[in-house]
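J.: Attaching a single structure in structure tokens format; questions to follow.
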Amino acid sequence: MRIGVLTGGGDCPGLNAVIRAVVRKGAGIYGYEFVGFRDGWKGPLEGLTMSLGIPEVRGILPRGGTILGSSRTNPYKIEGGVGRIRQNLADMGIDALVAIGGEDTLGVATQLHDQGVNVVGVPKTIDNDLNATDYTFGFDTAVNIAMEAIDRLHTTAESHHRALIVEVMGRHAGWIALHAGLAGGANVILIPEQRFSLERVCAYVESRFQSHYAPIIVIAEGAQPDEGEMVTLDKGLDAFGHVRLGGIGEWLAGQIEARTGKEARTTVLGHIQRGGTPTAFDRVLATRFGLHAIDVVHDEDWGKMVALQGTNIVRVPLAEATTELKTVPPSFYSEAEVFFG
Ligand code: F6P
């Protein structure tokens, strides 16, 4: 069998570990041939390939990013895109695709499977918001990076008697904020799933200063204040037509200073959370996903995605991963309330 492999969407520590496991088991045990598609769905769309075999995956396990490159190209948003992909796959003699990605990449994989393309999915996102899997690789690394930043901010916050705000990734789900906030001992954790009261945050900041402690606030980029306090963060579109995210942390610092008279500073962790070497947890999870994904290909069990349920790697229909996002349950979020107030 000749198998194409691609990585799509935002990159994530552990992608190379998946690619390595797929190729090592696929070529070494099953004797399959591989083609690396470059830059997500752009690869099969434009016929951009690289050779992918055991020599190419040597030494990549600890490396962040993806040797295949990534993009957010969606063939369903391009006139004739799907037809071009099908033609290129046929011309190159590709029997199956392993698509490693998040909601968008796996959404495309689902649709292609429905149209008869042999696809197997591997879930990926630092945000941990994909349904049907307990964890995605990359999340643990991102949480550890954010936790280390929070640890460092505690000491400078105390020295300067400032409120320090850490803005972490998470447009729709607050998993990184909640885990990093709990691990780093943040006082206030603000997530997209639950609007926050600016008044309450400011009252808390004042009370912390009264007891001579500098407050640390972790805020997910998608968090929003109550309707009444709602602001429009007019950041416009970037040169690629993407909505610019982030900025809520800076807005919150301004509000705290204006309302409490206390100094506040914001640190936006941004893409640092996605870069660099994966943690041991992410390397193990990514490797297990890769080893199981190639078994799914071997069984010709098309349209499936590998997922972690408890400690087991299972197969679920691709569609299950993309129908709805996995957000933080209110019961888990409320556990962190004890540190806020
Ligand atoms: O992969 C998801 C994510 O990390 C989000 O948390 C974040 O909003 C987004 O990617 C930003 O990605 P980019 O800047 O690459 O478009």
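Using N, Cα and C of the backbone, Cβ positions are placed for all residues, glycine too.
Feature list, courtesy of TrEMBL:
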ACT_SITE  D127  active site, proton acceptor
BINDING   G10  diphosphate binding site
BINDING   E103  Mg(2+) binding site
BINDING   T125, I126, D127, R162, M169, G170, R171, E221, R265, H271, I272, Q273, R274  substrate binding site
DOMAIN    2-296  domain 'Phosphofructokinase'
SITE      D104  site 'Important for catalytic activity and substrate specificity'
SITE      K124  site 'Important for catalytic activity'
J.: Quiz question: given the recorded positions K124, R171, R265, R274, which has the greatest number of C-beta atoms lying within 10 angstroms of its own C-beta?
T.: K124
J.: To which of the binding-site residues M169, I272 does the lowest count of other Cβ atoms within 10 Å belong?
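T.: Least crowded of the binding-site residues M169, I272, by Cβ count within 10 Å, is I272.
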J.: Please give the substrate site's span as the largest CA-CA distance among T125, I126, D127, R162, M169, G170, R171, E221, R265, H271, I272, Q273, R274, to the nearest whole angstrom.
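T.: That value is 33 Å for the farthest Cα pair.
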J.: C-alpha of K124 (site 'Important for catalytic activity') to C-alpha of the residue listed as 'Mg(2+) binding site': distance in Å?
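T.: Counting only the Cα atoms, the answer is 9 Å.
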J.: Give the helix, strand or coil assignment DSSP yields for D104 (site 'Important for catalytic activity and substrate specificity').
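T.: SS state of D104 (site 'Important for catalytic activity and substrate specificity') = helix.
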J.: Filter the binding-site residues T125, R171, R265, I272 down to those with CB closer than 6 A to an atom of ligand 1; keep them in sequence order.
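T.: Cβ < 6 Å from ligand 1, in sequence order: T125, R171.
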J.: Other than its own, how many Cβ atoms are within 10 Å of the Cβ belonging to the residue listed as 'diphosphate binding site'?
T.: 18
J.: List the residues of the same chain that sit at least 6 positions away from D127 (active site, proton acceptor) in sequence and have their Cβ under 8 Å from its Cβ, in sequence order, or write 'none'.
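T.: Sequence-distant Cβ neighbours: G102, T136, F139, M169, G170, R171, H172, A173, W175, I176.
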J.: Fill in the CA-CA distance, D104 (site 'Important for catalytic activity and substrate specificity') to G10 (diphosphate binding site), as an integer in Å.
T.: 10
J.: Around the residue listed as 'Mg(2+) binding site', which residues of its chain at least 6 apart sit with Cβ under 8 Å of its Cβ?
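T.: Spatial neighbours, sequence-distant, of the residue listed as 'Mg(2+) binding site': G9, T125, D129, L130, A321, T322, L325.
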